[in-house]
Structure formats: C-alpha cells, structure tokens
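K.L.:
After the structure tokens below, expect a handful of questions from me.
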Amino acid sequence: MEPVKMTNSSDDFTQSAEPFKLFAEWLADAAKSEPNDPNAVALATVDPDGLPNVRMVLLKDFDETGFVFYTNYESKKGQEILSAEKAAMCFHWKSLRRQVRVRGPVEKVSDAEADAYYASRPRGSRIGAWASKQSRPLESRFALEKAVAEYTAKYAIGDIPRPPYWSGFRIRPVSIEFWHDRPFRLHDRVLFTRPTPEGDWNKDRLYP
C-alpha cells in the first residue's frame, strides 16, 4: 500500500514560535474569506454546579495580554465568569478550514477601555445596553420595545453614559491551540501552553 500523501500549506504555521502573531495572521485571513463576522467566537463558561454553557460572542480586541469581549455583567455568562474567573473560546473559520481554541483565567477590562469601546458603538446599541435586562425573563417583545423607547427619550440629547453593569472581560490565555484541516483527517495541530499568563510559551505539535 502506498503511503498517504498530504498537501502542504502555503504558510507552514507549525513553525511559528509564538501564538499571537499567528492568530493575527489567521484573523486577517478570516476577514478576507468569511462572509459574516470573522471575529465571532464560541465562548464557554461553567455554572456553579460545573455545568457548561456556550454561546457566540464577538471578539473586540486582542493583544499579547489577551482576548477581549464585552457583555452585561449581570447576564448569565457575566455571572458565571465573575464566579469561576475562567473561560474558554473557540474560533472556527469554515471557509479556511481552521480553528483556534483559547483557555485561561479572565479579568475585567479597565473602565477606560470599556468607556472607549462603549462610546464607539452605534447609538442604538448603547440604548440597548440600558434597555435589555440580559438573560432575565421577558414578558413580551413590546416590553423590550417600551424600555428602548423610554431610554431613547431619556438620552435624547447628549452623550449616553455606559451602564455600570456593562463592561468587558479579557481572557488571559495559558493555552492556545491552532488546528488546520488536512486530507484523510491527518490534521495539523499546534498547542502553545504556559503555566501562567505571565509565563513563557511552550510549543507542542499534536497528533490529529
């Protein structure tokens, strides 16, 4: 039997020495090829009983300190993160046949960071942050629309302040895994790990 022949990648990511530059390159590739929301990511948290929850959020910033997203701290995910102080993310770009998994402790972003991002949002989204009691029971669509109308009237003139319960989280990764599809399920996997968010990265290539 002849050995399985594998196609080569145009850019051999398995040679990358650190994860953040590689992630930036992959995200830029996704921005060119994904039809919708290349920064969409599945965010996993756990409740007090250890039962996991997962939902899609949007990555809003990243650098060598971590991956940032924003939410209502009083929402279910906000409460679970504040309790566990840990989370995981999974990016999947179907058009590129690539995946990135991120795990680590979570910290709040600074008020200055949250204020700057909140101010950049469309006015309607800022109103929505006040009107929505995220994750709580909603009696009807009309009740939500009424709340939106009330806050629209309240902030009809001038700036809209950021709600005290609305801010961001930063996952400070201790594990980042890159996955690329290959024929016959002989995929490429590279795992970067470090003992703490301040530590040096160790790199391992993994069996598919």
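Placed from the backbone N, Cα and C atoms, the Cβ positions cover glycine too.
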K.L.:
Besides TYR117, ARG121, SER125, ARG185, LEU186, HIS187, which of LYS32, LYS60, LYS76 does Swiss-Prot list for that substrate site?
P.N.:
LYS60
K.L.:
So if I draw a 10 Å sphere around the Cβ of TYR117 (substrate binding site), how many other Cβ atoms end up inside it?
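P.N.:
For TYR117 (substrate binding site), the 10 Å Cβ neighbour count is 17.
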K.L.:
Just how many other Cβ atoms lie inside 10 Å of the Cβ on SER135 (FMN binding site)?
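P.N.:
For SER135 (FMN binding site), the count of other Cβ atoms within 10 Å is 14.
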K.L.:
In whole Å, how far is TYR70 (FMN binding site) from SER125 (substrate binding site) when you measure between their Cα atoms?
P.N.:
12
K.L.:
Pick the one among the binding-site residues ARG55, HIS187 whose Cβ has the fewest other Cβ atoms within 10 Å in this structure.
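P.N.:
Result for the binding-site residues ARG55, HIS187: minimum number of other Cβ atoms within 10 Å at ARG55.
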K.L.:
Can you tell me the CA-to-CA distance separating LEU59 (FMN binding site) and ARG121 (substrate binding site), as a whole number of Å?
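P.N.:
Cα-Cα, rounded: 14 Å.
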